[in-house]
């Protein structure tokens, strides 16, 4: 536990604020999930891991968190626009299957990838198609407020009227309405809008449109922005604590969510807005047209021309956590290899720590070392409480590993520590690595079974000078990503760094 107050960077106010939940100890958090028309990629992983860390740390601080992360399975049109084809329906036509087959397949892919990345499931995972009545009711509320209009079966949000009534539109993203209007390109179908800045709440479905529902305005489907407003209101109330998502969603998606909630509920939806930054590939924005679009499955298997090897899910997770969530994260093979090495170092720290026992040796306690270890642990939590800065926490963990190594190599007896400091070191390291950062062991073999037996064979082969057998056992360990350590006090294994 930390004595530091949790501070978060609120995109809405552009500053760090002390986190004070509306109804402590309860916390409501809504995060925009994926549109499930293709395999998950690095961008999906970064957002999921970012808010998994937020979820984990809030729980560590004893908050009771209701975490809602949606699945968009209808209404998200190409180019995030109000015209064009539904992304899922388009994929379904290409593959000659039902849209919900596409939804089912890629939702399962997404869940499987997140399980591998050790991302905790949210408390609730609603789908847009499962909440059509709630969305229709919200459109009716916005129409009643005077901030929407219907035109030939479609309903649009009247951004100009909303802004003229002293409401803030563009506040989250820092955009000005006049610039939005002048900078919007003309699209087919925009003649049904009063202004190019207006956005769809409900769209009239063309006869060939697959996914459509009855509504007071005719057969149609909900606007992409409306889905999140309706679902967050249903499960978290009209105002909740945290709304999160990728920085690319800030405009128009999150900006429109705020406007919808203010129009329907007369209040802003979230107290704190958190946005994770983007991932670049060798300094370039990730995109299919650039040939640098990498799915998570390709990362796990190494099956992509840009990849020099496969990278494990924990390597991907650690790579993501090495940077603060608001920083741009640049992918490269070198960066992932370095992350893999660093992750193994953290796991070696865990293994060394688990092998230590508190000594009953009669030695003088080293007060300076006690103080130093306690300060390092405090620094770990200080990093987490400073806007979930995992980069600082990981750097502090490496400082703690250096201290653990001193005891593991028997350069000092654990008796130089107080029993309290020793136990604090063990429990804090385990809690931070496993529970807060969500890093877990990836060794496929059983350390208590096969590894122990092989180490006995290795020791015997060395004593009998059977060096071919020694080399064979070392080679097997290397294949498993492990290394054999010959030390003064005996033979042990570690993760290969």
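Positions of Cβ are set from backbone N, Cα and C atoms, glycine also.
The Cβ of residue 257 (Zn(2+) binding site) lies under 8 Å from the Cβ of 225, 228, 229, 232, 243, 269, each on the same chain and at least six residues away in sequence. The Zn(2+) binding site annotation in Swiss-Prot covers 32, 228, 253, 257 and is backed by sequence analysis.
Per Swiss-Prot, ATP binding site is recorded for 288.
The DSSP breakdown of the motif ''HIGH' region' (34-44) into helical (H, G, I), extended (E, B) and coil residues amounts to 3 helix, 2 strand, 6 coil. Taken from Swiss-Prot, the feature motif ''HIGH' region' covers 34-44.
Per Swiss-Prot, the feature motif ''KMSKS' region' maps to 285-289.
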Contact set, same chain, for the motif ''HIGH' region' (34-44): CB under 8 Å, 6 or more residues outside the stretch: 71-73, 76, 87-88, 90-91, 102-103, 106-107, 109-110, 113-114, 246, 248, 278-279, 281, 286, 293-297, 299, 316, 331
Protein Cβ atoms within 10 Å of residue 32 (Zn(2+) binding site), excluding its own: 21
Count of other CB atoms lying within 10 Å of the CB belonging to residue 253 (Zn(2+) binding site): 20
Cβ neighbour count within 10 Å of residue 228 (Zn(2+) binding site): 28
